[in-house]
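Step one of this worksheet: look at the structure below.
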Amino acid sequence: MTRTVPAILRDLKARWADLKDLPVRALFDDDPARFADFSVSQGDLLADLSKTALTREVFSDLLALAEATGVAEKRDAMFAGQKINTTEDRAVLHVALRNRSNRPIEVDGADVMPDVNEVLERVCDFADKIRAGRIRGATGLPFTDVVNIGIGGSDLGPAMAARALSPYREGGPRVHFVSNVDGAHITDTLADLTPETTLFLIASKTFTTLETMTNAASARDWIASKLTDRAVRSHFAAISTNISKASEFGIAEDRVFGFWDWVGGRYSVWSAIGLPVAISVGGAGFKAFLAGAHEMDEHFRTEPLGRNLPVLMALAGIWHRDICGFATHAVVPYDQRLELFAAHLQQLDMESNGKRVTLSGEPATMETGPVVWGAPGTNAQHAFFQLLHQGTEVVPIDFLVAAEPQENLGDHHDKLIANCFAQSAALMVGRDIDEVRAQLSEKGMEPEAVEALAPHKVFPGSRPTVTLLYKTLDPRTLGRLLALYEHRVFVQGAVWGINSFDQWGVELGKELAASLLGIVRDGASPEEHDPSTAGLVAHLRSLRGR
Ligand SMILES: O=P(O)(O)OC[C@H]1O[C@](O)(CO)[C@@H](O)[C@@H]1O
């Protein structure tokens, strides 16, 4: 008899009740094949899930949960171009953007691939011509610096990827990212740049976003004032689904790169929004990034759920969030060039799965998206790892590390890997009080002093981690990693029965900001706002003397 979702969840909770006081380390004693059986691979990329409390029985229940919630059917609907983003009546087809096999994918009866391929070729051609100095600025100089102006998905994905792939720049222009409406961001970025050799990319799906339009206008003034009004056409390109708005801004038609409403902002780095990445690493490098993602798409689309990397990582996340009750999830790449990876995943995951109602509008019955956060190791070890080891909050962690570095620099990389492995081992194994007492006594400490210090030196252990280990961080592997996390988010949203592809939660703040601008900038009365906000406005006015 197939179990209902509440029955499976009850069974999982019963399993956790039995497992939660059992050291994870002990699971290896019972099961010598645990590492092999709890590792999943896609090519050289291996995910070690053995350092969690997951058992075969738990996995079997989690897979039953995936089946009962229709994960495979929902995945197939996405790949088939069905309008699974029901609140916006849109298909969800970032997978089409990296569909390097060119398999037809239809939306409303038409194959999207010819348009996808056409824009991709234009993007790569433009990028390569910028790199080669064949497209130049108004004064005839080649571009040395490219400034991407965008925010959210129009910033984080390309900024993360350009930073991650910086060893592949090979003499291409430097790329910079301006996102914040805080004037400090664009001021500081432009301070070191020369107008004659600077190209701006205005990246906005809607071409209406306050931050982006404000920064774009300041950038246009900078070029017009330092060069001429006419120079604007040579120093700007745009990426948007809103082609007419981009033209109104003054961007030449052949410098506007389009995409489609079925590309969500946080999934758009694969579209023309990836132009700064293509300029940084070249068209071929950008295509390798897409090809890596396509490999992961094919794995996700065709592997059975029980061997499917994104599915198993998602189910481990469901176990931690919904069964064990862990409210946050940390991502710690041991790779300085992945310093923006956690920030990008934070938007990807929290904007996708930070939802409180299901697709039918009913309150969600399970906890949905966790708080996602993180920073690169080893720096993070000297910042927040104290809490991860000994705090009262258990935080599941993903570690990412490459076997081979991009540079040949002594034993740096060996030390990096040793630290990564040491942290996951320490988090799992811990150190109990008897071991601590023995260590302190061995050092000759008095028994009374040992008793006073010992509790502070205990590590509870059994803190769950998943380690992703791969050959090297090249464009293909970055593509695979990012697609892996996108599908992980998808599977979790599918289990929770929510719409992972809208973002209505950002609207209210945007509306209030528009109204408050009239008050802050233009002096309108704040009385329609709540008393606390009106109080802040009054104090602001007294500080500004106006
Ligand atoms: O690309 P746009 O339309 O400027 O939007 C920027 C970002 O704003 C959001 O709509 C909301 O924060 C994101 O989803 C999006 O990536």
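Yeah, the Cβs are placed from backbone N, Cα and C, and that goes for glycine too.
Taken from TrEMBL, the feature active site, proton donor applies to Glu351. As annotated by TrEMBL, active site applies to His382, Lys510.
Sequence features annotated in TrEMBL and their locations in the structure.
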| residue | record | contacts (Cβ under 8 Å, 6+ apart) |
| --- | --- | --- |
| Glu351 | active site, proton donor | Gly152, Arg266, Gln503, Gly505, Val506 |
| His382 | active site | none |
| Lys510 | active site | Leu210 |
